[in-house]
Structure formats: structure tokens, C-alpha cells
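Asker: Here's a structure for you.
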Amino acid sequence: MSAIIELKKVTFNYHKDQEKPTLDGVSFHVKQGEWLSIIGHNGSGKSTTIRLIDGLLEPESGSIIVDGDLLTITNVWEIRHKIGMVFQNPDNQFVGATVEDDVAFGLENKGIAHEDIKERVNHALELVGMQNFKEKEPARLSGGQKQRVAIAGAVAMKPKIIILDEATSMLDPKGRLELIKTIKNIRDDYQLTVISITHDLDEVALSDRVLVMKDGQVESTSTPEQLFARGDELLQLGLDIPFTTSVVQMLQEEGYPVDYGYLTEKELENQLCQLISKM
């Protein structure tokens with residue numbers, strides 16, 4: 001599968017007198033239809049990277065290719081039309097008096113016909129389960145509902161790429177999981193490419209690959225399973241240790257023959273059943 005995003009030796013500084021570059025020769029690619037999670041401590045360069053991809057910042061050196069086109073000043077708006085951004089605080093994105101108005105805002109700015117706007121708005125709200133709230137004021141919604149509306153606004157623009165910048169971090173665990181599942185369903189149905197900056201294990205577990213950033217560089221890329229198998233190293237990367245990994249570690253320390261590495265809850269359940277049956 002071809003790459004829809006590619007960064008080649010990208011370097012960026014916010015200030016000329018910085019001791020270390022904010023990004024230092026960053027190179028990676030994202031495949032069409034892939035879900036890539038980007039993790040790392042604060043200051044590792046995660047948010048800077050996605051702002052460069054969206055053309056909100058300009059690299060000092062290196063190149064960024066989006067959907068086959070080199071990102072430049074002349075085509076930055078064309079590139080942005082291919083990308084939907086959802087941020088940590090949805091209140092910063094709302095501009096409409098009602099949910100329906102807000103989702104329609106970007107479409108109206110593109111000069112899309114009224115009937116097409118109505119159809120796209122209704123479809124996007126249906127995808128995120130918010131069609132019954134379209135006459136509501138965004139300020140009166142819960143945190144999870146606000147993020148669903150923000151996602152609907154992005155999806156209505158029919159982007160090829162959706163970027164989530166800590167989009168689930170302000171939600172409670174239930175709301176976070178529901179939102180992640182909604183994003184997964186939309187991604188699967190429409191073959192969208194998803195880039196997610198996150199510290200949430202459930203979000204990371206659903207991704208195809210995980211890119212770890214450290215001190216403005218790419219520390220590693222791996223599958224979620226390979227990442228979770230790193231055990232205590234996860235704490236140094238800004239993640240918790242998955243519950244199943246902690247259980248596996250405890251069993252191994254007690255001498256039980258459990259497979260090393262990350263297991264899903266179902267896989268761990270199967271292993272425990274096998275152990276019990278042999279006792």
C-alpha cells in the first residue's frame with residue numbers, strides 16, 4: 001500500500017537560539033488507510049509534527065509529501081482540504097450557534113451547494129450518533145458529545161486523512177472508549193488514514209503502527225503488540241503498562257509458563273484457562 005504522508009529528514013525550531021531542535025531530522029511515512037499512533041513525553045515533538053503536516057508550521061529543512069504532492073506555501077490550502085483536524089478541546093473549534101450550523105461551517109466556506117451541505121451534515125452526524133442533537137447549542141453538550149460533533153465537522157469535509165491531537169484526553173474512560181470505537185468504524189468504512197497523538201492504551205491498541213518520539217526524533221516504530229511487550233520501558237515513554245502485561249509479568253515472576261509479550265484480554269483468558277486445566 002502506498003504512502004499518503006511522508007516526512008524526509010524534517011528539522012524545525014521555534015526559536016533561532018534553541019540549544020536543541022524541536023524536530024531533528026524526522027523521517028517516517030504513513031500508508032493509505034493506516035492508523036498511526038504517535039506517542040512520547042511532552043516536548044518530544046508530537047504536536048509540532050502534525051502541525052507541520054497540516055501546513056500550520058513550515059520546516060527549516062527536509063520535505064513533507066502529502067497524497068503525492070510536496071507541501072509548499074503555494075499548495076498548503078489544497079493540502080489542508082485533504083486533512084481533518086480534531087483537537088484536545090473541541091470548544092476551541094466551535095463557531096456555529098447549533099450543532100448543525102457548526103458542522104456546516106466548513107462546507108459553506110468551500111461554496112458547496114445548500115442541498116449537498118444538508119446531505120453531508122446529516123450523514124456526518126448520523127455516523128457519529130449525533131443526528132438527534134443537530135438543533136442543540138454546542139455549549140450544552142457533554143465533553144464526549146462535543147468531540148463527536150468535532151469529528152462530524154471533519155468527516156463532512158470528506159478528507160483523506162484525520163489527525164487527532166489528544167482528542168480523547170479530556171473524556172472519562174467510557175466516553176473515551178466510545179469515541180475511539182466511533183473513529184475506528186468511520187475509518188474502516190471510508191478507508192480514511194488516521195494519525196492519533198495519544199497516551200491512551202485503548203487508542204494505541206487499535207492502531208496499526210505506533211511511532212515513538214523522543215527529544216525531537218523518531219525513537220522507534222512498531223506494532224502495538226511489539227510496543228506493549230517492552231514492559232517497564234512504557235513508563236519512560238509516557239504510557240502506562242497494560243493490565244494484561246502486568247498480569248503476565250507477575251505470572252512469569254512466579255514461574256508460570258505464560259507467553260512473553262503483550263496479550264489481549266481474550267488471549268490472556270485463554271492462557272489462564274490452559275494453565276488451570278493443567279493443575
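Here the Cβ of each residue, glycine as well, is placed from N, Cα and C on the backbone.
For 5-240, the entry in Swiss-Prot reads domain 'ABC transporter', with the evidence type sequence analysis. Marked as ATP binding site by Swiss-Prot on the basis of sequence analysis: Gly40, His41, Asn42, Gly43, Ser44, Gly45, Lys46, Ser47.
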Asker: Run through the Cβ atoms and count how many others sit within 10 Å of the one on Gly45 (ATP binding site).
Answerer: 24
Asker: On a count of neighbouring CB atoms within 10 A, which of the binding-site residues Asn42, Ser44, Ser47 is highest?
Answerer: Ser44
Asker: Check the binding-site residues Gly40, Gly43 for other C-beta atoms within 10 angstroms of each C-beta and report the one with the most.
Answerer: Gly40
Asker: Would you list, in sequence order, the residues of this chain other than Gly40, His41, Asn42, Gly43, Ser44, Gly45, Lys46, Ser47 that have their CB within 8 A of the centroid of the site's CB atoms, where the site is the one recorded for ATP?
Answerer: Thr48, Met213, Gly238
Asker: When you measure from the Cβ of Lys46 (ATP binding site), how many other Cβ atoms are you left with inside 10 Å?
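Answerer: So the number of other Cβ atoms within 10 Å of Lys46 (ATP binding site) is 23.
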Asker: For the domain 'ABC transporter' (5-240), would you mind checking the mean pLDDT of the predicted model?
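Answerer: Taking every residue of the domain 'ABC transporter' (5-240) together, the mean pLDDT is 90.
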Asker: Under a three-state reading of DSSP, tell me whether Lys46 (ATP binding site) is helix, strand or coil.
Answerer: helix
Asker: Using a Cβ cut-off under 8 Å and a sequence separation of 6 or more, which residues in the same chain sit near His41 (ATP binding site)?
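Answerer: The answer is Lys214, Leu237, Gly238.
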